[in-house]
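> Take a look at this one; I'll ask things after.
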Amino acid sequence: MNYDLIVIGGGPAGYVGAIRAAQLGKKVACVENDRAGGTCLNWGCIPTKALLKNAELYHTISHRADEFGLKVEGLSYDWSKVIGRSRGVSDKLNKGIEFLFKKNKVDYLKGTASIPAAGKVEVTAADGAKTTYDTANILIATGAKSRDMPGFPFNGNTVIGSREALTLEKQPKSVIVIGAGAIGIEFAYFFNAYGTKVTVVEMLPDILPVEDTEVSKTLEKSLTKAGIRILTNTKVTGTSEDGNGVKITVEGAANETLEADIALVAIGVKPVLPGGIELKLTERGWLQTDDTYQTSVKGIYGAGDIIGPPWLAHVASYEAVQCVEGMFTKHKPKKVGVFPGCTYCHPQVASIGLTERAAKEKGLKFKVGKFPYVASGKALAAAEPEGFVKILYGEPHGEIIGAHIIGSESTEMIAEIGLAMNLEATWDEIEATIHAHPTLSEMVKEATEVAKGHPIHV
Amino acid sequence: MNYDLIVIGGGPAGYVGAIRAAQLGKKVACVENDRAGGTCLNWGCIPTKALLKNAELYHTISHRADEFGLKVEGLSYDWSKVIGRSRGVSDKLNKGIEFLFKKNKVDYLKGTASIPAAGKVEVTAADGAKTTYDTANILIATGAKSRDMPGFPFNGNTVIGSREALTLEKQPKSVIVIGAGAIGIEFAYFFNAYGTKVTVVEMLPDILPVEDTEVSKTLEKSLTKAGIRILTNTKVTGTSEDGNGVKITVEGAANETLEADIALVAIGVKPVLPGGIELKLTERGWLQTDDTYQTSVKGIYGAGDIIGPPWLAHVASYEAVQCVEGMFTKHKPKKVGVFPGCTYCHPQVASIGLTERAAKEKGLKFKVGKFPYVASGKALAAAEPEGFVKILYGEPHGEIIGAHIIGSESTEMIAEIGLAMNLEATWDEIEATIHAHPTLSEMVKEATEVAKGHPIHV
Amino acid sequence: NRRAAASNARVKASPLARKIADEKGVDLSTLEGTGPGGRIVRADVEAAPK
Ligand SMILES: Cc1cc2nc3c(=O)[nH]c(=O)nc-3n(C[C@H](O)[C@H](O)[C@H](O)COP(=O)(O)OP(=O)(O)OC[C@H]3O[C@@H](n4cnc5c(N)ncnc54)[C@H](O)[C@@H]3O)c2cc1C
Ligand SMILES: Cc1cc2nc3c(=O)[nH]c(=O)nc-3n(C[C@H](O)[C@H](O)[C@H](O)COP(=O)(O)OP(=O)(O)OC[C@H]3O[C@@H](n4cnc5c(N)ncnc54)[C@H](O)[C@@H]3O)c2cc1C
């Protein structure tokens with residue numbers, strides 16, 4: 001079989017790249033050895049958000065019913081149904097991707113791919129049968145997987161990564177989350193909402209270290225109030241597990257030995273490379289690609305998590321589309337410029353562009369517009385007074401250099417800012433845009449007026 | 001006392017106009033005879049959204065708990081707390097406006113204003129005391145109030161408008177909502193969620209008649225499924241009330257006499273004019289204003305509901321700011337161009353620009369991009385598969401001529417489209433913008449790709 | 001028109017205004033914008049002398 005393109009990996013880089021190439025009239029196959037949809041759809045973005053929705057609802061009922069005039073006599077939950085809904089959502093979307101492959105005439109090859117040489121992909125099926133395909137181009141979109149801690153290997157039981165955390169048959173009584181990035185924080189929120197005792201250990205001074213410091217501090221306060229024990233500036237110096245649970249010795253903010261049923265290690269990801277031909281890697285082991293997403297070997301490309309940070313699904317899809325359009329059309333592929341990042345705990349966190357910290361380090365001149373949820377009519381009506389919108393506007397032109405939102409639905413509000421940055425809109429255009437009342441998005445305009453020095457509502 | 005500007009009415013037109021003028025260094029007073037914040041904050045946008053939030057939560061718990069793995073025993077609600085939270089939110093924001101007046105040095109004059117002559121405002125306090133103030137400019141922002149049906153006057157009891165519906169001491173067993181605009185539909189959703197038997201009567205063929213027909217039909221199906229009886233194409237031909245309830249005779253889709261505890265008349269609004277000097281009115285009785293928001297008398301301006309449709313808070317505030325900046329700076333006031341409109345039932349409805357119907361009538365050439373919530377990972381994760389995003393793109397340039405969203409958080413998603421239309425973005429820029437995954441806002445991009453003919457996810 | 005296109009790259013104009021200006025061969029730098037912050041919008045290009 002002779003393909004124009006074989007994509008290795010069926011995640012948001014792989015399946016999107018494959019479909020777009022097929023739409024360009026090319027003969028395309030996509031090889032996947034687990035489930036179509038990749039990490040994102042099966043073990044990442046989607047199932048976590050389903051769990052978080054359940055958790056938020058449960059928290060609202062268990063802690064805030066009275067506020068809404070509700071009385072609930074007996075509230076209980078069925079853990080297997082909580083997990084089950086999350087799995088059901090992934091299953092449904094996974095089937096959806098297989099349907100999209102058919103619809104777009106992408107050959108879906110189940111098996112593990114390796115690259116014996118440029119122009120060749122060998123696929124090993126589950127039963128061990130090997131088939132080799134010829135192809136003009138190869139796109140490696142094999143993604144990443146959870147990184148374990150040295151000397152503390154995953155055992156699927158007491159020391160786990162995010163993937164195992166998604167399908168725990170029994171709710172743990174206690175969890176130590178190591179690493180306070182988006183993934184660690186989302187699981188911390190989830191388990192805590194259901195009454196698991198949660199301790200978060202983070203080496204750096206702030207949780208969500210990539211976010212604006214003010215956002216991190218606000219979230220830390222909120223999660224602490226919700227019952228999560230958060231240890232920042234804290235190093236793990238010893239780990240052990242005895243089949244029933246884990247012991248983690250920490251140094252820093254606290255110096256003690258923590259015990260729990262489970263350690264959830266969320267300290268980052270490592271590359272998953274296909275076997276075969278040797279390709280140039282970056283210092284940290286990610287696939288090295290050029291401006292057209294081509295690797296060190298002609299005709300072999302890379303996109304998504306496998307080509308390095310930021311490890312985000314929407315970035316992965318974007319890269320794959322750029323790469324494929326560059327391969328088959330006159331389009332000059334673009335590298336990822338400005339992109340949003342979100343954390344779906346409650347309050348949600350969403351951001352784009354530079355943090356205040358980074359903008360200062362760069363020596364940029366800018367104005368900050370900050371507007372609190374507590375001054376928004378919609379936020380109060382929705383009983384969501386926690387959080388703020390903070391936008392950094394460059395001087396003297398008023399272009400957005402970064403935006404940081406913590407609070408209800410911030411992950412939707414960031415879309416407007418993303419478009420604004422893409423269009424190089426300035427504060428004038430944001431202010432001139434009539435925002436619907438009452439919405440949370442009005443705060444984007446309000447924050448802009450704060451930056452310009454004439455806010456109405458604060 | 002000599003003012004640069006006296007604003008009559010403390011709603012979203014009045015208080016915003018007054019504050020902006022004060023920020024421009026002017027000496028300003030704002031006269032209000034009820035509560036600062038106007039209809040919007042006290043009897044409109046805000047308290048309704050608080051009730052709707054409660055209703056949505058109650059509906060989720062009472063009808064969907066099992067889906068989330070929850071078991072809820074003995075669920076009940078305290079009606080007075082439901083109403084109480086809504087009033088509390090309004091109270092808090094109302095105090096907020098009074099604080100903002102102080103902060104911005106706007107004199108807040110409590111009483112009823114009339115305009116004996118240009119340059120003069122007479123304020124009658126609650127105790128009957130009259131004071132006359134001199135002022136260079138007057139801004140009339142007196143708003144509107146519910147219109148009653150001929151021969152069926154409001155009695156505060158069985159025949160009511162939205163204002164009374166917000167503070168019912170006892171939950172009615174049955175309600176007939178006359179008029180299926182945003183206000184009627186929001187109350188229908190609210191009462192129905194709490195188990196009140198609700199019938200909606202609408203003369204026109206569709207509920208939310210200003211919306212895109214497909215949106216109206218989808219919403220009608222959803223609300224009907226939720227238990228609301230909806231009679232479109234139906235005229236009210238007879239009305240009566242006997243102290244205990246109402247009888248409404250209808251003709252059209254149904255020909256019968258409906259009975260209920262309460263009739264909520266939501267057929268529109270009528271102007272509230274200040275007494276005194278005569279000003280030119282439109283045919284329907286609204287204040288006539290020119291391009292600078294000036295009325296027929298020099299130095300007397302109008303903004304907000306009182307100058308006619310659309311009767312929306314964000315439009316009111318926009319007009320007031322434009323008017324005041326035109327008054328005191330070199331700014332050339334703009335009239336309202338494109339503006340969003342929202343309805344906060346569940347599923348939510350949000351739209352901007354032309355409906356498909358209107359675009360066809362105008363003979364425009366356009367492409368439609370429609371994307372269903374059920375194909376969105378975030379929507380499924382959030383258990384919100386109902387609805388769609390529909391965007392109309394003009395040909396050949398791909399500018400947005402209208403957008404119509406029904407579904408969860410559509411009222412936030414519309415912000416991006418509003419900015420896009422203001423910036424005259426085309427489908428290329430929308431598509432090129434990286435939208436965070438997983439969000440509902442991604443559907444804006446997906447719908448755009450549908451319009452362009454190469455969707456990934458459908 | 002290459003000159004118009006070259007100078008158009010640096011003016012503040014809406015994407016739609018740019019598309020139409022390119023089609024009509026209008027030099028954006030000769031126009032005054034009426035959009036927010038002086039941005040050139042469709043109406044400005046359409047009103048431009050040919
Ligand atoms: C718990 C968790 C939550 C997350 N939440 C978010 C979020 O909310 N938002 C966000 O943007 N990102 C999130 N991410 C990150 C996101 O999942 C990744 O950025 C995204 O999946 C990367 O896409 P990809 O296509 O590059 O790789 P992947 O999605 O990892 O897909 C790679 C696929 O390739 C397959 N594969 C690997 N090697 C081979 C081979 N040799 N042969 C055949 N198939 C192979 C794998 O089985 C896998 O299915 C989350 C990640 C995790 C773990
Ligand atoms: C139930 C309901 C729900 C609504 N929901 C929404 C929504 O979700 N979104 C939206 O955009 N719009 C909504 N609206 C419409 C919105 O409330 C109005 O468009 C908005 O309030 C108009 O603002 P305004 O300042 O022009 O008038 P108003 O808000 O009506 O303010 C006018 C004020 O002037 C005062 N006044 C009148 N005459 C005098 C006088 N002679 N002297 C002193 N004071 C005087 C009145 O007491 C009043 O407070 C809703 C309306 C209702 C009734």
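Just so it is clear, glycine is given a Cβ too, placed from its N, Cα and C backbone atoms.
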> Can you match one of B:Glu202, B:Glu251, B:Glu325 to the NAD(+) site that TrEMBL gives for B:Gly179, B:Ala180, B:Gly181, B:Ala182, B:Ile183, B:Gly184, B:Ile185, B:Glu186, B:Gly268, B:Asp305?
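Of B:Glu202, B:Glu251, B:Glu325, B:Glu202 joins B:Gly179, B:Ala180, B:Gly181, B:Ala182, B:Ile183, B:Gly184, B:Ile185, B:Glu186, B:Gly268, B:Asp305 in the NAD(+) site that TrEMBL records.
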> Summarise the domain 'Pyridine nucleotide-disulphide oxidoreductase dimerisation' (B:340-447) by DSSP state, stating how many residues are helix, strand and coil.
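Its residues divide into 39 helix, 34 strand, 35 coil.
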> Between B:Ile183 (NAD(+) binding site) and B:Cys45 (disulfide bond), how far is it from one CA atom to the other, in Å?
9
> Of these recorded positions, B:Cys45, B:Lys49, B:Gly179, B:Ile185, B:His437, which are close to chain A by the rule of a Cβ under 8 Å away?
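From B:Cys45, B:Lys49, B:Gly179, B:Ile185, B:His437, the ones near chain A are B:Cys45, B:Lys49, B:His437.
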> Measure from the Cβ of B:Glu202 (NAD(+) binding site) and count the other Cβ atoms within 10 Å, all protein chains considered.
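Within a 10 Å radius of the Cβ of B:Glu202 (NAD(+) binding site) lie 29 other Cβ atoms.
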> Select the closest residue to B:Asp305 (NAD(+) binding site) from the following recorded positions, measuring between CA atoms: B:Cys40, B:Cys45, B:Lys49, B:His437.
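Checked the recorded positions B:Cys40, B:Cys45, B:Lys49, B:His437; minimum Cα distance to B:Asp305 (NAD(+) binding site) goes to B:Cys40.
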> What's the CA-CA gap between B:Lys49 (FAD binding site) and B:Cys40 (disulfide bond) in angstrom, rounded?
11
> Running a distance check here. Ligand 2 versus the recorded positions B:Cys40, B:Ile183, B:Ile185, B:Asp305: which have CB less than 6 Å from one of its atoms?
B:Cys40, B:Ile183, B:Asp305
> Can you tell me the CA-to-CA distance separating B:His437 (active site, proton acceptor) and B:Cys45 (disulfide bond), as a whole number of Å?
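Rounded to a whole number, the Cα-Cα distance is 31 Å.
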> Near ligand 1, which of the recorded positions B:Cys40, B:Gly179, B:Ile185, B:Glu202, B:Asp305, B:His437 are found, taking a Cβ distance under 6 A to any of its atoms?
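Only B:His437 qualify.
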